[in-house]
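Take a look at the structure below.
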């Protein structure tokens, strides 16, 4: 920390050391070492870059390298993360997704702008663009066969409990009409190749279908994401009237537990291993030839340990299929074993951790009902 007198430095360190300021005010990352001299919050380096893009609202400085004068230190001491959050996060809708430092840039930026620039959460009952139960607009959707992104009209309706999209602006019938309770949405900027890329998945005939979309406006695509969560929340409140708000919140959109390439073999375990893209979406393990495929080539249900499921490091001795990657994983189910190989030991351990986290969770009644997916084998 350069410059400043000894008294200011000591006072700054004391404020900085408060428990409330030990995590970034915006993403929760530990040990923030930047702060906003106009908002009074302690933030991480990554979030400080977003604050720097809204200079009319926030002026940021390094706690280690910049000079803080007495007045600025006193402002930080008077505010801090707890006081400022009480103002700017006073009325966040329960369904609104609050990103962490593991989330993508567009989610974190729009969260920060929503709080401090647009002040969306400072007043009770404020009408928000994603809260009125209907959203209609254009999203750029990837074509299933040609991979081209083309503008498509989407309509989200709480009253109808569904999401639709139309191939033409004036089309009377939608291309799809999906019930809101079978939809998931997760940001996938790297996979889609656009910083505002959103993957929407839904179940059709007990199989997962993927739609990949984006919007040029980060604000607009995050509003679509939270509008989906809003409609889902109100739909589930009606469907499960005795469930608590937090129980319903936990059933809204979710990030995938793990994605990436592994090699797999067929059910006879004598076929050559083939490289495929895998997605673990809670208890559904799906594989695709390409990360942007609309449909999974196969999927399997991953149940709990008490129901006979386990994950093991390595492959069974005597495995006959040819494989080029040597870090094996065996998923044991009541009916058969599924064999995979990973390119690196790091990948292997990350996949094992993800499978273990699922297997260690008790199954819900709804998951018992969907257990029939376990009969779906991975073809070669």
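Quick reminder: no glycine exception, Cβ is built from N, Cα and C everywhere.
TrEMBL labels come from automatic prediction, so no person has curated them.
Lifted from TrEMBL, the feature list:
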- 6-129: domain 'Arf-GAP' (DOMAIN)
- 132-233: domain 'PH' (DOMAIN)
- 255-360: domain 'PH' (DOMAIN)
Tally of DSSP helical, extended and coil residues in the domain 'PH' (255-360):
18 helix, 41 strand, 47 coil
Would you mind giving the whole-number mean pLDDT across the domain 'PH' (132-233)?
93
Mind tallying the domain 'PH' (132-233) by DSSP state, helix then strand then coil?
23 helix, 47 strand, 32 coil
Please list, for the domain 'Arf-GAP' (6-129), how many residues fall into helix, strand and coil according to DSSP.
53 helix, 10 strand, 61 coil
